[in-house]
Amino acid sequence: MSHQQKQRRIRTTSSQLEPITYGDVFNVQGDLAEKPVTPRDASMMQRAETALLGRTQRGGAASLMQSAASWNARSGLFYGGSYDGSISGIDSDSSDNDSYSDEVEDGGGSRDVITIGEALEAAALTAGQKPVERSDAAAIQAAEVRATGRTTIIPGGVAATAQSAAIRNARMNSDADKAKLADILTDAASKFPSDKEVTRRDAEGVAGAEMRNDPDLTTYPAGISASITAAARLNEKN
């Protein structure tokens, strides 16, 4: 879908007083297509895009999500409050935005960080249409272990679902029928029983797991380890 087509969908949706969803903005299917674009999602995408590409791209995914989130927030369709013309955590004129984060208690006060679960959610946005492969499942498992502190896979959890998806996908010929990263990683943080700040060691561990399970011993651009690494870099900066 072209940028102009997306904008036309946004204007049409706005006239119907319904929230703009991912399906209105991106070429996605399934549950993600029905999910409204929120300021939190737009801010996360902006941070991921900045970390991976060096700046927010004009007309890129972050820009489109900001436009959609702005309308959704201004309309009050699912926030129910007044809108003052801005979205907390989003500054479209900034090339590096650090205002979206969770607050994690650290001794005498709180600090802004990106958690492992949030970094996985960012990967669902940057590489969501990538079919899940063995290397992705290994990276997700490494991330889950580090986020939760558990040494075993959580039954029915994110890593277990990713492994099942990778096994099924390996038996399929058509990419259109394969489970995608967005199917696994959307709302990943809410599926963890516990979560933690992304560190450089977490990024190294996840990248190593992805590379060891890839036939070419590489990581996928803008994929799981790339998102974890970008989050670790931003956390160090903060």
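Note that Cβ sites are derived from N, Cα and C of the backbone, with glycine treated the same way.
TrEMBL annotations: computationally assigned, not manually curated.
Record note: among 3-26, 195-218, 195-218 is the stretch given as region 'Disordered' by TrEMBL. Applying DSSP to the compositional bias 'Basic and acidic residues' (195-204) sorts its residues as follows: 5 helix, 1 strand, 4 coil.
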